[in-house]
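Here TrEMBL flags 6-24, 44-61, 120-140, 146-165, 177-201, 221-241, 253-271, 277-298, 305-323, 343-363, 409-430, 451-479 (among others) as transmembrane segment. Annotation source TrEMBL lists domain 'Lycopene cyclase' at 41-102, 160-232.
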Amino acid sequence: MSYLEFHLVFILPLIALLGLVTWWETRGGQAVAGAYRPENRWAWRAYFALPLIALVYTTPWDNYLVWRGVWEYGHDRVLGVIGYVPVEEYLFFVLQPLLVGLWTFALLRRGGPAESGRRWVRWGGALFFAALSLLGAALLFAERGLYFGLILAWAAPISAFQWAFGGDLILSSRRRFWLALMVPTVYLWAVDAFAIHGGIWHISDRYSVNIDPLGLPLEEAAFFLITNLMVVQGLLLALHPQAVPRLRRLLRALRPWVVCVAVFALLKIPVPLAPDLFPLLGTASTAALALGALLWAWERVGARALLLAAGCLAVGLGVEVLGSRSGFPFGPYAYSAPGPVLWEVPLLVPLGWWGMTVSAFALSRGRPLLTGTMLVAWDVALEPLMTGQASGIARFWEWQQPALLGAYYGVPVTNFIGWFAVGSALAWGLRRLAPELAGGDFGWAYRVESLFLPAGLLLMGLYPAALTAAAVMGALAWISSRPPSARWSAAR
């Protein structure tokens, strides 16, 4: 059987049957989604948007799978390929959401109006899928876990977002939700097992855990479960009457600097998987952080934010040029950065001095000494990464210090003293020129970094650095979140 014949036998007839049932049941004017969402135009728009979203989101991921050899197809079973993927596979990206969507519509027509569940389930579901995302990222570094890791790292973050936004809406009717999810999933499990045993496609033993319940690789079972989950959740959210008003409220509350912090975080995710892209991703991520700091500062102090950014950038660049040429104040080191540079200094360095100083200053509520300490903790996490200790990560700079003073990944003590001095000085300047920046939500950028940076070090095998970074950055993020005591306030 060819891949096209597989669709003609197992997928297209079911879509046609469900389409016929939908037409028959709605010919008298009944809404396609029943009382759950009476407006047909909106329901059909959401339905046809799902295949487009699936096609766009899945295409690069699936091409990577085939390129990497995670799965392969019988060359005599397909019409042709686009990139690395068979044409029929792209068709599957479209047909699966159409099939699951029509089945979900049939269930919605047999149920009542949309309701909302308990709000706590939003965060419970979001945390569960966030944990699966981290598990997926960890599995990427085990050869036998690669396929499972790629599935979880690709799909679980989407589900985490869906649940954080509207888990209470998704689970408003548990019976309807589970029927919508599991019936098409079990069917696709069965036909997938048939296709594998028929030689239409094959899963590599090298990248699989090789657990095949009932003849179906565990990864394939997980794939169809979580992809159907995204489709069902997406359709239930799109159709729920409370979803659009909730989205509008969220967008009204969403400020530009929040988008920048999100980009700052998201650009870190591919680094463990593609370390050779770190110079590009690291520079782009830090630029997003710096832009976010500027936009946040503008909200608080207006045009003064431009002068503050220019000053911090100038100090950051100047102290790095001085340090790399004279050894003062950090100790003797030399740059060998592969990314964009200015006077031999990587652009991400002065951008980081501005962006992370503002975040630490905000989180510490304007305490210069604490801000300087927080920046030292950040550098403790950065040094093993930037000096090329992780496999595949290019070296940005190299220390030239006797080992006695460089016990921590070859980094001299003078470096941390210099970071504390420069960071405290920048924070003192911000306190004098823009006390309005003390406190505020931009401190979340430091909190995000205290999670993502140790996680990245862990995934790249730098276990001592990961534990050290998590301890010092996490502790300081927690301490800084507490209001200063009267004694501290008087001492500062």
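Glycine is no exception: its Cβ is also placed from the backbone N, Cα and C atoms.
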Does the transmembrane segment (305-323) make contact with the transmembrane segment (221-241) through 3 or more Cβ pairs under 8 Å, each pair 6 or more apart in sequence?
no
Sort the residues of the domain 'Lycopene cyclase' (160-232) into helix, strand and coil with DSSP and give the three counts.
53 helix, 3 strand, 17 coil
Mean pLDDT for the domain 'Lycopene cyclase' (160-232), as a whole number?
95
Please count the residues of the domain 'Lycopene cyclase' (41-102) that DSSP assigns to helix (H, G, I), strand (E, B) and coil.
47 helix, 7 strand, 8 coil
